[in-house]
Amino acid sequence: MEGRERNQAKWPKTPSRTNPIHDPTTLAKNAKKKLLKQQKWEAKKAEKKAQTKEQKKKEGERKRKEWEEKLSSCASEEERLKLIESRRELRKERMGKRAEEKEEKTQRLRKAKEFGLNIVIDLEFGLNIATTTKSAEARDESE
């Protein structure tokens, strides 16, 4: 009995694999690698998201400055109003086009939902390849 108790003290029990809560210190080597890789990926993802957000912000500021410069360079009030109106028209066109695309997509999806999927299986596809191979082999043998 003393030997058994000594072995148990020497080798602590490992957590069962069914236990969902694992201490990172008791994870296997591959599991630690996966966990570390996941953490690195999440950190990189957050960093990239912050970079894209910053780029969008800078791009918006640049466009705003260009627009203000364009407006300030207009000589008369009429030119300014024409410029503003043309910009509004372009925006309306873009929004209309986007709305049309969205409507087409919803109609396509609604139609697919209604009719489901059509699957066609060409059972002769492999047969054609097999027959051409066999006929080529037969020709080679006859020669």
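Just so it is clear, glycine is given a Cβ too, placed from its N, Cα and C backbone atoms.
All TrEMBL annotations are machine predictions without curation.
Copied from TrEMBL, the annotated features are:
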REGION    1-76  region 'Disordered'
COMPBIAS  39-76  compositional bias 'Basic and acidic residues'
REGION    89-109  region 'Disordered'
COMPBIAS  89-107  compositional bias 'Basic and acidic residues'
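Each residue of the compositional bias 'Basic and acidic residues' (89-107) gets a DSSP state, and the totals for helix, strand and coil are 19 helix, 0 strand, 0 coil. Under DSSP, the residues of the compositional bias 'Basic and acidic residues' (39-76) split into helix, strand and coil as follows: 35 helix, 0 strand, 3 coil.
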